[in-house]
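What TrEMBL says about this one:
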| type | residues | note |
| --- | --- | --- |
| DOMAIN | B:129-425 | domain 'NADH:quinone oxidoreductase/Mrp antiporter transmembrane' |
| TRANSMEM | B:6-25 | transmembrane segment |
| TRANSMEM | B:32-53 | transmembrane segment |
| TRANSMEM | B:82-100 | transmembrane segment |
| TRANSMEM | B:112-128 | transmembrane segment |
| TRANSMEM | B:134-153 | transmembrane segment |
| TRANSMEM | B:165-185 | transmembrane segment |
| TRANSMEM | B:273-294 | transmembrane segment |
| TRANSMEM | B:301-324 | transmembrane segment |
| TRANSMEM | B:336-356 | transmembrane segment |
| TRANSMEM | B:377-398 | transmembrane segment |
| TRANSMEM | B:410-431 | transmembrane segment |
| TRANSMEM | B:458-482 | transmembrane segment |
Amino acid sequence: MIKDLLSILPQIIVLLTAMASLIFEMLRKASGSLITLIIGLAGASGLAISRLGTVGTAFSKTFRIDDLSLWAVIILCGTGILSALLMRQELKGTNREGTLYSLVAFSTLGSLLLAGSGDLMFLVLGVLINSLGGFAMAAYPKTDKATEGAIKYFVYGSVTGAVMLFGLTYWVGITGTTFIKDLTGITSQAFVLLIGFGGLITGLGYAASLFPFHFWTPDTFEGAPVSVAAFLSVTPKIGAFFALAQVMKDLPPLLDWNLILGILAVLSMTFGNIVALWQKNMLRLMAYSTVAQAGYFLLGIVAINQSGLALSGLIIFSLAYAAMNIGAFAVIQRTGNNIIYFEGLARKRPFMAVAMLVFLLSLVGIPPLAGFAGKFLLFGSAMDAGYTWLAVAAILNSVISLAVYLRIIFPMFYRKEPIYSFPTSGIITSVFTVCFIVTVLVGILLRFLV
Amino acid sequence: MNTSIPLLSIILFLPLAGAFLVTLFRSSGPKIANLVAVIFSFLSLITAIFLGIEGIGKGFSHIEEVNWIPSLGAAYRLGVDGISYIAVLLTTVLFMSSITFSTKTIGRKSEYMALFLLLETACLGVFMSLDLLLFYVFFEITLVGMYFIIAGWGHGNAKKAALMFFIYTLVGSLALLLALLGLYLNTDPHSFDMRVIIANPPTGWIGMAIFWGLLIAFAIKTPLFPFHSWLPLAHTKAPAAGSAILAGILLKLGAYGFIRFMLQMTPEAFRQYAWVVIIIAVISVIYGALVAMAQTDIKRMVAYTSINHMGYLAFGVAIAALQYDDSGVSALDGASLQIFSHGIVTGLLFLLCGSIQDRATTREMPALKGLLKAYPLLSGFFVLAASASLGLPGLAHFPAEFQIFLGGYAIYPWAVGVMLLGLVITSALYLRAIQGSFMGPMDSSVLKKMQDLNTSELLAFIPLIILIIMVGIFPDTILSFIHETTKAFMP
């Protein structure tokens, strides 16, 4: 028991952090709440770094300690800290500000549980904890748009959660247990497996904004505070994909699951990129961009059993994705959410424009930036596993995504006179500087990560 | 032969260091930016010349290797052989000229110079990399750099041209990425080391698939018919120095890819499908020449002759893939020399077009008249460069194209015959341009200022002029590097 508790110590720290920052909120000390969050998440992250390389399980194999769950702690705790800082800048002094920080920790915890699931119940629990925090954060400003976005998020979440639970009961039915590992032994009843798989994809796809379960994403992002949208674009997604990877490791190959995932990947990438081409609202544009990026994650999951590159690809791409997305949202939070605000940004704020350029090029996958490192490994793993068509589709999509992001890049640098001016903000600058450094260095320092 | 000084890294990173300095001192005004950029590009050139004096050898030499991602077998690996060395030399010369040329004319100086220097590092990196991943990284950075140069300093509706350039060539480079991944995954143990792959090239259908990926990537970049449609637009809109770099160096990334990748890493498939390359090369030669003939814009005309010249080059490489003997070596020598010759000649022509554009209100040849009277020096240089471009003996293109034809004649005499027609057409179009726009009475209504070449233009042009004549008369100065290497290609 003690050994189990010790092995999930990072997750426990996140839980304690959530509770402690809630206590500070009760005392009406929002800054205390924020500081607790930062210290707690940084501690959890540091602990996870020191444990990298450990492999094991806890609580009679229901929770897995491996590269996925440890990296999830590192990436998501970092994401939590950076988004909380953005929230501080955006929502400082509002009523009940401290609850946000507590919710960040809770929601992060949900994703961490997902990332280490060895048991079907953890999948359900993880999605629930994760999205419950998300609903509340999205509705925080109490404006009409925010409420609408949160309600959409909530309704979609309830329905997909129910479908997921329904599907997973079939798996419990045929294995007799809730262990994911026990699925490996199943040798017949492909159809029953398929029902469970459908439920799983629905539930996790919702959290990950994967086409066709993404419908909440643009509205929720548009209504929610920018900082909350930043958080929602990263944390649930990475948790869900890591969970999917955990399941795919053990799913018996009675059906061609990879084909289903591959088709979903292509649809998600293509749909996200093409719809993003028409968006004028930056938040909606980024929402569709996250739908597209979700497709790239799937490449690593398709190849997870056949290629040694897949796991590192998934992890590096998650790290890159977190950095470039939070960074881009930080810049959007400063400039405002209409694409015209970016005109002439380079004249007014050269560093901010260069940072945004780096985030966007990294999202396209231009070397030597972090996004390239991740995509490169993912493409490589897909080809290694024999899914060249998938890599080709992903690569064609990178071209479309270039057109999407150039719509922002060009006016940033080549409109003569900036129309809008932006006050500086120390917090935002420091957040996107951190993201900028990570985005630039991940590719170069890859040897220490893979 | 190898010294302990990492000469290649020095050549590679000098421009980048210059770019940082320019950015750092961007508030100190354009003079400083000019000075730093010229000095650093010059230092890079001097180091490159010093490298040649130290000796190159027939295989890869001056190798530098630092681990990057050991678990993937990727490393920071640099090295040069004769062919990459002349490409490095060309890059450093042409960048120095282009940067010197730009010191007078261009606005937003510090950003422009920083971009140019960054682009120089990227181009050098492509030629020096011995690692597939590193190669790809530099290859992509050249795209980004060029995009910003065209978009930022181009004429007219440059945004569209820049976008088309970026997207079109990104398609090519992503095909390249697939091919590189294919090469990597089919090496046992997996490695990104070019030397390992060249020693054990993939065969069978895998080699074939990789070959086609490479062909698409490099045919877009070179560009060969029918993948050329991005080129004229990009050239028309790009600033003069940008065009010079685009034609002089960026196209050579494709040409270099034909030799380094297709010829060396997928020789079996190249041998089998050399006829495809030969057909599109011959079409490119004729098509490029004919379309160039139809142009009235002087810059577009030069742009289309690039397609024609790159056709000769691709033909030479394809002959080398077919023929493992003296005629193959001769064709490959010619093709490699063509990299250098076309770089300096077309680079100079584009810079001269820029000079004309600065002085005249139009680039339309029917409107321009009597330039020789107005600007004797400028026009003299143009006539010389144009003569070189049409293949006049004693100037840079002649020894290259002569060797290509010599090598090709042994197996495909009909192709050589058709291509000679291309030579005739280019001669006609250049003569017509010279006669129409440079000779005859002057029409000063289209001329803005009457001043002949200024100092920075002279400093930019003279090294290129000297090289054009030197390569024409003593081709061996450059060919000796190439020949050492190409001899070793053939078993």
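Backbone N, Cα and C define each Cβ position, glycine as well.
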The transmembrane segment (B:377-398) touching the transmembrane segment (B:32-53) per 3+ Cβ pairs under 8 Å rule: no
Close approaches to the transmembrane segment (B:112-128) from elsewhere in its chain (Cβ under 8 angstroms; 6 or more beyond its ends): 8, 11-13, 15-16, 18-19, 22-23, 26, 33-34, 36-37, 40-41, 44, 78-80, 84, 87-88, 91-92, 95, 98-99, 102, 106, 134-135, 137-139, 141-142, 145-146, 148-149, 152-153, 241, 245, 249-250, 253, 256
Selection from B:82-100, B:134-153, B:165-185, B:336-356, B:458-482, the stretch that has most Cβ pairs under 8 A to the transmembrane segment (B:301-324): B:336-356
Among the ranges B:134-153, B:165-185, B:377-398, B:410-431, the one whose Cβ pairs under 8 Å to the transmembrane segment (B:273-294) are most numerous: B:410-431
Selected stretch (most C-beta pairs under 8 A with the transmembrane segment (B:134-153)) from B:82-100, B:165-185, B:336-356, B:377-398, B:458-482: B:165-185
Beyond the flanks of the transmembrane segment (B:377-398) by at least 6 residues, Cβ under 8 Å: 302, 305, 309, 338, 340-342, 344-346, 348-349, 352, 355-356, 359, 371, 423, 426-427, 430-431, 433-434, 438, 452-453, 457-458, 461, 465, 467-469, 471-473
Distant-in-sequence neighbours of the transmembrane segment (B:82-100), which means Cβ under 8 A and at least six residues beyond its ends: 11, 15, 37-38, 41-42, 44-45, 48-49, 51-52, 56-58, 113, 116-117, 119-120, 123-124, 127-128, 241, 244-245, 248-249, 252, 256, 259-260, 336-337, 339-340, 343-344, 347-348, 351, 456, 459-461, 463-464, 467, 478, 481-486
